[in-house]
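Listed features, source TrEMBL:
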DOMAIN    1-470  domain 'UvrD-like helicase ATP-binding'
BINDING   A19, S20, A21, G22, T23, G24, K25, T26  ATP binding site
DOMAIN    508-782  domain 'UvrD-like helicase C-terminal'
Amino acid sequence: MNINQLIASDPYVSCWVSASAGTGKTKVLTDRVLRLLLLGAKLQKILCLTFTNAAANEMLDRVIAQLKSWACMDNAMLVASMHNMLGINPTDSQVLRARSLCNEYLQAKENIAIQTIHSFCQNLLQKFSVEAGINANFTILDELKTKEIIYFIQQNLIHSSSEIHGSLEFIANYKHETSITQLIDNIIADQRKFLSLLEHYSTAEDYQTFLLQNFSITDKESIVKQFFVKFTQCPVFDYDYQISNKISSQFVAKFIEYKKLDYSSFVQRFDQIMALFLTNNGLKRRNLISQDFKNKYPDLSEYFSLLQEDILQVHDRLNTLKIIESTYHLYRISTAVLHFYQQYKLSHNYLDYDDLIRYTHKLLRNTSSKDWILYKLDQSIDHILVDEAQDNSLEQWNIVLTLLNDLLAGGNKNNNSTFFVVGDKKQAIYSFQGADVEVFNTLSRELNSSFNVAKKPFKSVSLDVSYRSTQEILNVVHAVFADISLQMPELFSSDDLVKLKCNREADHGLVQLWDIVVENKSKDGKEVFWPIADASISNGIQTSMQSSYMLAKQIAHYVNLQISSKRVLPSTKQAIQCSDFLILVRRRNEFVKQLVSELRKLNLKVSGIDRVSLQDHLSIIDLIALAKFVIAQDDDLNLACLLKSPFIDCTEEDIYFLCRSKKHKDSIWQFLTTIEKDNLYYQSVVSKLHKFIDLYCSSTPDYFFHLVIEVLNYRQVLINVNIDDGNDIIDEFLKVVEYFFKSFSNSLREFIIWFDSNNIEIKRDVDTQDCINIMTVHAAKGLQAPIVILPDTTTLPISPSGILWNNDGNMLWQIQSKHCDNYLKTQAEISKHADYQEYLRLLYVAMTRAEDELIICGYNTAATAPQRCWYNIIKESMSKIPGISRRECNLDFTCINKVVYNRVEFSSELLTQIINSVQEEAAYKYSNLLECKFDVQDVNQAEHDYKSLVKQIFDFRFDLNRILELKFLSVNLISLSSFSPLEGEHGINYGVVCHKILEEVIKNRSIKLFLNNSYVKLLTIKQKNKVEEIFNALIANQEFNYLLNSYELKSEVNVGIMCLSNNSDISSNNDAFYIDDTKVFVFKRIDLLAIKNNHVVIVDYKTDFLVPETQLEVQSSYLKQLKSYHDIIKLIYPMHTVNTKILWLENVCFMNIKI
């Protein structure tokens, strides 16, 4: 645990923590809760608000696990565990408190509240339902129930007042009828904003008046009238024209025609007049008149130009008027929609998630009950912790701040109450749920001021050590966002982009940037209009292979090759498996389906898409086609789909025969029923279709799908033919069917209409063991994986058009894009810029999910992607990083060109790069190494001496395969590759392998299991024999077995100490730094710590080939290292005897080191 984490988890101080991805935010939260409990805080008086239920459950599990662990530990282990968390040795009372906490948790009537803000509000409203004016037994709306309400609203709108009918007709003139459903969805989604607007303006007329006054507009006539005056004043009749140019001639002729109009005719034909000066897109025509006309009639030409400028302004004003008119009708409809929505919820005792926040906020602001409620809360809340603070909306913050302000004002009698916030503005990606990053930025400053006024301690801490990603990934992430901050300083400040220290320096990472996959066009350039997934040639027509399909195929083959390689990952210490891959996309589009399909073709386990639309799933499409057929047999398109489906399984040639053979006026079904009886194939098709019709007629509509899927056993047929993960999808579909027929009607026709008009999505559990996970970046927030692939990198965000809200809470609606005025264009640009900023923050979240390896790729129809897309941003930044190399990887179907960044695949000047990488002293020694002379008469001795010198200088910190490419004198030392037991570009040095196997031996308490270690399985026979020789010797070593069986063992122990600068027992030779008045010492890991009674043994593994015979011959650096370990362990265990040993693995012997 580092010093900043210790400060952030200090239970005495309120704190604002900025936590970049992977810096141990959840650990800090958990440790702070545990330290509060150790301090004496009651379980039920801690409130921790998280963003998701998954995060809440994870944190609660960690707290409970630690409490259980403390209850079961022996005293020494408990003290060590608490010391690691507290930074100092615990007191006896703290140790006793730790042991009792698990029992206190089990016995408590009310436990610690780790929950989402919505869960907190739900509990509060149920507790104070009378004060809130609601029924305590309310139910939270789910997605399906919301669909039901939308259906209810649509029915009520149809039967509502004539005013609403007028607004519906206005919208229907510009929009498709299905847009009404989408509009209702948008109104309900933005109900918070609409309700606020409705509170300020009681009627649509009031709001329309406000908008007209705000834009200084009255009506169309007044706008046109001003232009009419200028138009009629044009001296067009004062000239004797001699015009040779056709364009100029036509323009003047039309102009003269319009100038003769009276005012009423002028208004009626104003659209034609605007078309004379402007294009269909509302832009100025470039060439109203020819240059020759301008030369002959300069004054008149100037007047025409002025009129063009004026009419451009008139056009913009008329667009504004149209927007106000659209907004007026939207206001009317939103009033009715929200009225019906609230009415339905009230009558059925429902609340949605917005209601939870709104009612709670209102409850805490109610002057008549506020004091009473806060008083009751004060009795139950002493400490507030807020997780993922950047994702909270202003309304959610208002609730939290109300609770906080009461604590600061002294409402709570506990003067030790604290407030803790952790978040990261770089990960603010939920603006569509109301989160505002500017609120997050402002709150930090305001809270600091509030605590100063209250004279309570408050600190701001930044976590700057990454425990998740390797150095290579961190370097690329930092390079990308450092470049972004230079171009967009308002997005990230220098404080936001502190370069993280890597806690995994020893682990090699990898970042790959593949070339964009471009659509494979046919040789003659001709394309058929429909997409074909397979690039095969059919009937002499060559088609293109879709770029998305090509990339899906590449990724699938790449994943398969990596899994087949059995390569060991640094983070898992195991061979690569399916669950190590996380594929992140921005959109759930056709590419995702193609990728799932390609992965399954290679028999790779894949969890599928994390969120699925039922309407887009093949099995559900087939079931709906069947339902449509049994209702209406003469729908040719639907019947063709059904014939091609697994229910009938006709070929395309069969369907083509039916379409070609039937009479023009007949339907396919009519033709099928008249086919001769001797055509057995089509007779069997007709017979099967008749059976489905009979089934529908003889059963109830709600039971029809159940009979088809379960009784006739078409479930398995659909899954087998569609080759998808349709089992759970079909289950969800049956639930939707059951829900509809219980809630709405018993009509299959109405079900189909309802189903087609509602996009019903289901969220699926993707946390499946040993499966490749594919999900959106938003869904992956808080997750991580060893290998992350980003394939959706070449598109820019698309800002939703239509309803626009400004900072004042006012709304405008652009019903069609051609009606956009200058004001709306400006506001749209502001919104677009904000969306792009969130797009970049989403990139940060995506890249920082990776632990070991990050792969960036993309697909596009053109050779180049948009300049500001993810792919090009990463590509440009990676090109500036030293050590980038280009590789070509041939797969069995294509070739991947990639840019590679890691510590293994660097290629250029070997010597220069190594010298630049090592410390000055090592660099000097390396130069000496090149100049050293050996007796070439004895090659074996020279090779031995060279090995020893390399070992002394580098201690296997680098890839020796590359160092050993060098030659001394005439001796080629390629044979020295035996130093590294893992050959190839992903080699791991001998010392690391031995350390890792020993770590597993200690963990499993069985040395005989060493052959099962994944590292051993990857060794060559020669290397494996050497390791086997060492560990067989360990099995026979009495001293090692005594430690293994008689002591409490801890492997790879991180050690460090912090103490006051004026009271240090640490040797002055140790490295240290100061934070405030605290002196902090940091050390490496101890290989093995053995504890028994009052005796501690420190064991350090060494793999030197030349084993010293006495302590005098041991390298001074080894002795210094052990001295540091001894001093720090002696401080932790002052009453223990501490001995230090080196275990020399070359000859498997222990050496006692006297300190």
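Placed from the backbone N, Cα and C atoms, the Cβ positions cover glycine too.
TrEMBL does not curate its annotations; it predicts them automatically.
Just so it is clear, the model here is predicted, and its values are computed rather than measured.
Each of the binding-site residues A19, A21 was scored by the number of other CB atoms within 10 Å of its CB, and the largest score is that of A19. Each of the binding-site residues T23, T26 was scored by other CB atoms within 10 A of its CB, and the lowest score goes to T26. For the ATP site, the Cβ centre of A19, S20, A21, G22, T23, G24, K25, T26 serves as reference, and the other residues of the chain with Cβ at most 8 Å from it are D424, L463, S466, Y467, R468.
In the three-state DSSP scheme, A19 (ATP binding site) falls into the strand class.
In the three-state DSSP classification, G24 (ATP binding site) falls within coil. Around the Cβ of S20 (ATP binding site), the number of neighbouring Cβ atoms within 10 Å comes to 24. Most other Cβ atoms within 10 A: among the binding-site residues G22, G24, that distinction falls to G22. Listed in sequence order, the residues of the same chain lying 6 or more apart from K25 (ATP binding site) and placing their CB within less than 8 Å of its CB are V17, A19, D387, V422, D424, L463.
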